[in-house]
Amino acid sequence: MRKRTVYAWLIALVCFIVLMIVTPAIPQSQEYHNFADQRTFFGIPNALNVISNFPFLVIGLVGLILCHHGNYFQLSLQGELWGWTCFYVGVAAVGVGSSYYHLKPDDASLVWDRLPMTVAFTSIVAIFIIERIDERKGMISIIPLVLAGIISIVYWRFFDDLRPYALVQFVPCIAIPIMAILLPPMYTHSTYWLWAAVFYLLAKVLEATDKVVYKWTHHIVSGHTLKHLFAAMVPVFLTLMLAKRSVEAERQSLLKTWRVSWTKVKEGNSNVESYSFSYSNVQQVEEPQ
């Protein structure tokens, strides 16, 4: 099993090196800092983009308290506690770092926006490994994954190349929903992972349509402001999941659960059609000649 793990990491490393060789560098566009809504309220520049980060700070602090105060989430594994702690620290730090960035958007302040995001992304991957694959491997992977995220930011800042950061951000967005569907969960309420993924996807769409949304709303709110609010729903859904879930008695993947449910629906429809057909035949027989 250890050899498989080593091979998997080696393959991932080789793929990363090949990708870095065959793809061109992705510099940070300075147009990225030119947000649609640059209004000042109460003396705060870019006010709505700054204030809309407040939910991250709130949910991050709430999550940290619930993780450690009386073990409200009933985290039974040490690796889970570490992983979720890193996640909520990252979320709370996003609230501070992103607000700081939006006060004066530039590459230097953007570091403090992206750095906590990578901590949240990478710790989520480690949590998933703990829950779905192997507790020990997941716990061991927490520090390397978080370090990989931090290094991706340092690399971008020094070499003006976003490729490693893009991998850190987008690979979990693809891998986590797939693993959530295919791998048997340790706990119930696994669909909350998918809801979180949907809201993050919507957040990225709003980020890309910042100016369009601002125009559509007649300069009331921009896409980037809404992006913050939608992205904040990710930790909200994951917190609700932690509060509601229990240990899964019969572990089976969401895909298998959906197949079973779909089979039951089809059987139910077949029974209804069969009953309707039989009932119509009985009526025809009983009709007077």
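Glycine is treated like the rest: Cβ placed from N, Cα and C.
The annotation transmembrane segment is assigned in TrEMBL to 7-27, 47-69, 81-103, 115-133, 140-159, 165-183, 226-243. As annotated by TrEMBL, Zn(2+) binding site applies to His102, His224, His228.
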Touch test for the transmembrane segment (226-243) and the transmembrane segment (47-69), at least 3 Cβ pairs under 8 Å: yes
Given the transmembrane segment (165-183), its same-chain partners at Cβ distance under 8 Å and 6+ residues beyond its ends are 16, 19, 26, 114, 117-118, 121-122, 124-125, 128, 132-133, 148-149, 152-153, 155-156, 190, 193-194, 197, 200-201, 253-255
Within 8 Å of the Cβ centre of His102, His224, His228, which other residues of the chain have their Cβ, at the recorded Zn(2+) site? Phe35, Asn46, Leu48, Asn49, Val50, Ser52, Asn53, Ser98, Ser222, Thr225, Lys227
Enumerate same-chain residues with a sequence separation of six or more from His224 (Zn(2+) binding site) and a Cβ-Cβ distance below 8 A; give 'none' if the list is empty. Phe35, Ala36, Asp37, Asn49, Leu206, Glu207, Asp210
Just to confirm: which same-chain residues, 6+ apart in sequence, have a Cβ under 8 Å from the Cβ of His102 (Zn(2+) binding site)? Phe35, Asn46, Asn49, Val50, Asn53, Asp113
